[in-house]
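Enquirer: This is the structure I want to talk about, given as structure tokens.
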Amino acid sequence: GGGGGAAMADGEGLVSVDYEVHGKVQGVFFRKYTQGEAKRLGLVGWVQNTSHGTVQGQIQGPTARVRELQEWLKKIGSPQSRISRAEFSNEKKIQALEHKEFQILK
């Protein structure tokens, strides 16, 4: 314990958050677009289809960038998708990224 002041500004800390997106989000390249948007923002994590017709995953990265992807997941998505709602859970501050990249899981 103990130690000097942290070098990183509080606003640029890293966060991890789980998400699940409901609506017409399977068969519309939703995972591919989510991966592309995450990479553009410099985020890591994963995305996958669930057996009950939703898309779920985890996002990790700087807080501000994670918020941008959350907005994208709520309102935009892929061109053919119809998002009814996006739910976020298990948000927590992390010391280091737990993923190397943003992956599409089968």
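Backbone N, Cα and C define each Cβ position, glycine as well.
Please treat TrEMBL annotations as automatic predictions, because they have not gone through curation.
What TrEMBL lists as active site is Arg31, Asn49. Annotation source TrEMBL lists domain 'Acylphosphatase-like' at 16-106.
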Enquirer: Using a 10 angstroms cut-off on Cβ to Cβ distances, just flag whichever of Arg31, Asn49 is the loneliest among these active-site residues.
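Expert: Per-residue Cβ counts within 10 Å for the active-site residues Arg31, Asn49 bottom out at Asn49.
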Enquirer: Using Cα coordinates, what distance in whole Å links Arg31 (active site) and Asn49 (active site)?
Expert: 8
Enquirer: So what's the mean pLDDT when you look at the domain 'Acylphosphatase-like' (16-106)?
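Expert: Averaged over the domain 'Acylphosphatase-like' (16-106), per-residue pLDDT gives 97.
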